[in-house]
Amino acid sequence: MDTKVDNAGKCPVVHTHTAHGGRSNRDWWPNQLNLRILHQNSSLSNPLGTAFNYAEEFKKLDLEALKKDLFALMTDSQEWWPADFGHYGPLFIRMAWHSAGTYRTGDGRGGAGAGQQRFAPLNSWPDNVNLDKARRLLWPIKQKYGNQISWADLLVLTGNVALESMGFKTFGFAGGRADVWEPAEDVYWGSEDTWLGDKRYSGDRDLEKPLSAVQMGLIYVNPEGPNGNPDPLAAARDIRETFARMAMNDEETVALIAGGHTFGKTHGAGDAAHVGADPEAGDIEEQGFGWKSSYGTGKGGDTISSGLEVIWTTTPTKWSNNFFENLFGFEWELTKSPAGAHQWTPKNGAGAGIVPDAHDPSKRHAPSMLTTDLSLRFDPAYEKISRRFFENPDQFADAFARAWFKLTHRDMGPRVLYLGPEVPSEELIWQDPIPAVDHLLIDAKDIADLKEKILASGLPISQLVSTAWASAATFRGSDKRGGANGARIRLAPQKDWEVNQPTQLATVLATLEGIQKAFNDAQLSGKKVSLADLIVLAGSAAVEKAAKNAGHDIEVPFAPGRTDATQEQTDVESFAVLEPIADGFRNYQKGEYTISPEELLIDKAQLLTLTAPELTVLVGGLRVLNANTGQSQHGVFTKRPETLTNDFFVNLLDMGTAWKVSPDSKYVFEGRDRDTNEIKWTGTRIDLVFGSNSQLRALAEVYGQGDTQEKFVRDFVAAWTKVMNADRFDLA
């Protein structure tokens, strides 16, 4: 391309539609609701097209051949990025760990499930320095196997193969992680505007929810200790908090740290000032490589990544118990790496020469440890576990295998989504197991008869709708947890959540259980209806009745096949994180938070995988169905509740109503008649945002039009069915 420049002071492109752009709306109005998170990963950004089915493509994969190629790669050291100790295994373990380790239980976001390590910000986080090289080493293999293996699956599988190639027996591997093609905009990584900032803490080192890392740009903890303070006990507190937020208990935490640090080394050959820009900030000729170093050769023995220069074991490319042997076998003193980072070395020169150099066979070293490694010895609870693993290597190996599998598969959802020949047969409690269907399913006539019995039970439409919603709306598209399947709404902890109105819920469930028992007892063919199915069917029957009340005959799609989980299959502590702190669809908020109710609504909608139109029609419909928590009348803008009309939108958009903040609460508003000043309605910020936000108002206007009442009902039913079936992966 010729690039003749006549006037260097002028840009030859008209600044109307440029890739860089000028100030965005969010630059001008930083508090504007971000509805873009509801429309991520559309077909417009997917080069594979809407017909592509990754699960079907993965089934064609020759996994054995792929693993053979990965095994060969482990020791095929490249001059442009030489392998430490002649083996890429430790680098690939770090890559897989850091892909999966962003997962947090609070909202289920992060994790390895979509291959987000390829994109900003993760590809340029300080904790991911030089993992760009690991992914580039994999490119020839990804190129060879194409769409039969996603990047997301390949990153995790490569970590598994790395472990196996160094003599470790893994617990298993499941494929099924489909790639996305753009960075995730829905994940809140923190409010800091500098790398390694930690404004996320308040009070007595209280970490902001839902974050699970101690500083911006780290996967979990600072290996030097809190803010670089080399205190193993203080570090242990951080470790326990952050690993718990990644769904790990103390035993799993010790196993993961010790197991991961059995292999490889950290890199701090020189001053970090030698390291250049991260991949996103790099020059175009770097082609996505980052952190170019001017220290020596910038690679091999001159590599600078974390700034720490630590080799833990005498056999860094072989599984062993040597991490614990060294941890307990030496007394440790504080020292500094060549880059000036705090780390630990054996006292009095002990251990000198027992550890190999990563690149020079003529050099030997003493073992070394991170502050966070010493936490496993000096924290009393961690020490007890570490000592047991030290004395029982088989227990350590089993614990690490299981914890590694959990780390790399936690965000995949239920076992039905696991693909491939290496899926372990053992059912694990953290997978939220649900019994398989072991009976004949109800048919169309049964469904009609059950609907009739439900509607004749005396339960009001509002309670049937709110119960079905409460059961299904726990679903999170982030980690595919929650949902109506399993009927866990009848079990602890969900049955006792405030948002679910426990007293009312118990009444509804008792009535539905009576209908279920009568139906099942009457069957001679082994046919049954589960309570999970009946709860959803009851809500759908109520929606149909409400539509009929409005003059619309419509059938809500229903697919039986849900089963009922037991309390023994339900980890109460694990499910506690699914409790909504807010559910704008039910006009519920548990407390006062730093972010607004309307932002919490958008977040909830995104977790439910809803679009902005689906969000809008659901809120409008649920309000007129009187489904608010506690039957609050805020936002019930209708004189005919339990009738599926577009009254919410008609009355919200009525210019005869003026809104003012209630004297009783800054979150509640009074809608007064402009002429008489009489109160017509009350509403929350959730309700009023559909008239205030320009995008949501545009959608509300569609549903408030006189010619869209039938469309409103159809769209509500479609969105309702989507939520009811959100966890029905068997229907996909």
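Note: Cβ is positioned from N, Cα and C throughout, glycine not excepted.
Swiss-Prot has this to say about the protein:
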- H98: active site, proton acceptor (ACT_SITE)
- H261: heme b binding site (BINDING)
- 1-45: signal peptide (SIGNAL)
- R94: site 'Transition state stabilizer' (SITE)
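Feature annotations (Swiss-Prot) mapped to structure.
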residue	record	contacts (Cβ under 8 Å, 6+ apart)
R94	site 'Transition state stabilizer'	L131, A134, G260, G264
H98	active site, proton acceptor	Q117, L122, D127, N128, L131, I219
H261	heme b binding site	W312, T313, F323, L370, D373
